[in-house]
């Protein structure tokens with residue numbers, strides 16, 4: 001083979017290798033996002049830590065936010081877990097939001113990033129005390145209630161956006177979007193059921209909130225499964 005021919009062959013081979021690397025980048029991005037979301041799903045249900053950490057809170061009748069209230073002994077532990085979860089969700093959303101076609105799916109990932117941002121604010125503006133444990137402690141801390149409301153809004157917006165994307169996509173769209181049609185009302189009903197103390201009807205709200213948190217974990221798992229399918233080359237949107 002001539003020198004020119006060898007150079008040309010090397011150039012083609014190099015271009016091919018470069019092309020493989022370029023195509024592999026999105027796949028790696030989706031794989032990493034899938035792994036992150038799986039971890040976030042477990043971390044978001046940090047109420048499970050209360051089976052090992054003695055918080056003194058009755059899980060049936062207390063909010064998980066009470067565990068990181070300003071005067072609670074384990075505030076640092078639960079705050080770190082909450083912030084780490086928010087960072088994981090933000091990282092996953094940031095990895096994939098630019099990798100999907102512009103539309104409702106983009107809005108869904110964007111809402112997930114907003115969810116993470118509002119979760120940070122939720123920890124930064126905690127409840128002053130634990131109302132289920134301390135007499136005279138108000139349940140309606142205005143700042144914390146507002147940030148919690150924004151967390152819920154962003155979460156439900158994410159589910160709704162993926163559900164709309166699934167309905168408008170050929171073949172039914174991504175599986176997470178199809179599941180969102182059923183998961184959204186269940187998650188919303190559980191969240192509403194946990195508001196008893198705000199309307200003067202406390203009791204059992206801790207159970208309702210933990211059911212809601214499980215639905216959020218399930219949502220993260222569904223998104224992780226879709227991200228894994230995407231890295232295998234299965235189109236979702």
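Keep in mind that glycine also has a Cβ here, set from the backbone N, Cα and C atoms.
What TrEMBL says about a protein is an automatic prediction, not a curated fact.
In TrEMBL this protein carries:
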- 32-53: transmembrane segment (TRANSMEM)
- 77-100: transmembrane segment (TRANSMEM)
- 106-125: transmembrane segment (TRANSMEM)
- 146-167: transmembrane segment (TRANSMEM)
- 179-199: transmembrane segment (TRANSMEM)
- 211-228: transmembrane segment (TRANSMEM)
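Within the same chain, residues 26, 29-30, 32-33, 36-37, 39-40, 43-44, 46, 49, 53, 64, 67-68, 106, 109-110, 112-113, 115-117, 119-120, 122-123, 126, 220, 223, 227, 230, 236-237 sit at least 6 positions outside the transmembrane segment (77-100) and bring their C-beta atoms closer than 8 Å to a C-beta of that stretch. Residues of the same chain lying 6 or more positions beyond the ends of the transmembrane segment (211-228) and with a Cβ under 8 Å from any Cβ of it are 30-31, 33-38, 40-42, 44-45, 47, 64, 89, 92, 96, 112, 155, 158-159, 174-176, 179-180, 183, 186-187, 190-191, 193-194, 236. Per-stretch counts of Cβ pairs under 8 Å to the transmembrane segment (179-199) identify 146-167 as the leading one among 32-53, 106-125, 146-167. Cβ atoms under 8 Å from those of the transmembrane segment (106-125) belong to residues 65, 68, 79, 82-83, 85-87, 89-90, 92-94, 96-97, 100, 141, 143-144, 147-148, 150-151, 153-155, 157-159, 161-162, 165, 177, 223 of the same chain, restricted to positions at least 6 beyond its ends. Long-range contacts of the transmembrane segment (32-53) within the same chain: residues 59, 64, 67, 74, 77-78, 81-82, 84-85, 88-89, 91-92, 95-96, 210, 213-214, 216-221, 223-225, 227-228, 231, each at least 6 residues beyond the stretch ends and with a Cβ under 8 Å from a Cβ of the stretch.
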